[in-house]
């Protein structure tokens, strides 16, 4: 299998570090609001990758954090915590907001058939691990303090910018470093004691500490959306290398943005569709198929036309699935080759467009077992409902099939017309 590594800017052969277990860390939600379809695209992609690994016989340890403190409005280095801003707005405790939207997140993921993570660590429950990492960085001389805040010295880490290919010398804000620990003021609600006074952690340090705790000094894959390449993942690499001595993950994978009318879908722009609203408006399997349709690293424009296109494909594949399941209408040859070609496309950096093209062209000759494997990998259930037929109708269908095989098409057509009068339309599949 080959995957594109953002760190090296090329496709590389992927093999788990220990040869048996794939260890993955995917940045999870900041739980101050409902997830939208832009988030869904990223979570669905990494779920599909996880399913592909599992289908190939590998074990997977999948960790996805819950950010419930430290993520500031606008992803900025200064400003207000997103959860606390929402808590003040609704006049409730921040953790009440966090638990409400954490629960909503997992409900939304279930509706999209996204497997639950093996571990979902909350940042607020890992303050000791975060403080320990900051103390290590401080001891090694990678921090400085200002107004009670602790910052990382980006200028001391000579490889800063290796993931994003940015030069910190060109940006004043990057030369100044990023926050590891923030001093609390009178507005802050979620605060903890630390060697530097009362405060709360920076956003980036949380993932480094939690990934280390649950996946060890180096794991296989770190993933998120492309908007997190900088600053989030760049900063993670910096503090992990300087603190623990290694780049935390071998592969860094990033999904393209989901756009509406050419603009990024985002809460700040107000041009978003919540997942829970999306699954009410559209079939959840069609929605998942549409969000998987374009190569994961490319931007995807979400529209009614996109949904209509993949509804047509979904209905077509479902009809084939129904016929195979109920009437065994396949010729039994070549299905294995189609399935292997489907896998080959996915093993080339999850080339989903080509994989779906293979599925469309070869669906009629897949066996039931092969269909089940494909459904598992995609996380999509194609319709498999059975048409309720009387025994007499089943006998007529079998008789018509026998007549067609003998070349007695006129008699076969009479049976077809009789079935049509009974509301049963018989279509002949050509392989």
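Each Cβ is built from the backbone N, Cα and C atoms, and glycine gets one as well.
Heads up, TrEMBL stuff is auto-annotated, nobody curated it.
Quantities reported herein were computed from a predicted structural model and do not represent experimental measurements.
Note on TrEMBL: of 29-39, 40-50, 51-61, the range annotated with the feature motif ''HIGH' region' is 29-39. Taking TrEMBL as the reference, the stretch among 254-258, 259-263, 264-268, 269-273 described by the feature motif ''KMSKS' region' is residues 264-268. Of the listed binding-site residues 27, 207, the Cβ environment within 10 Å is emptiest of other Cβ atoms at 27.
Within the same chain, residues 66-68, 71, 82-83, 85-86, 97-102, 104-105, 108, 225, 257-258, 264-267, 272-276, 278, 287, 291, 302 sit at least 6 positions outside the motif ''HIGH' region' (29-39) and bring their C-beta atoms closer than 8 Å to a C-beta of that stretch.
Mapped onto DSSP classes, the motif ''HIGH' region' (29-39) shows 3 helix, 2 strand, 6 coil. Here the binding-site residues are 232, 267; the one with the fewest Cβ atoms within 10 Å of its Cβ is 267. Secondary structure of the motif ''KMSKS' region' (264-268) per DSSP, as helix, strand and coil residue counts: 0 helix, 1 strand, 4 coil.
Its own atom aside, the Cβ of residue 236 (Zn(2+) binding site) has 27 Cβ atoms within 10 angstroms in the protein chains shown.
Counted with DSSP, the domain 'Cysteinyl-tRNA ligase anticodon binding' (389-428) comes out as 28 helix, 0 strand, 12 coil.
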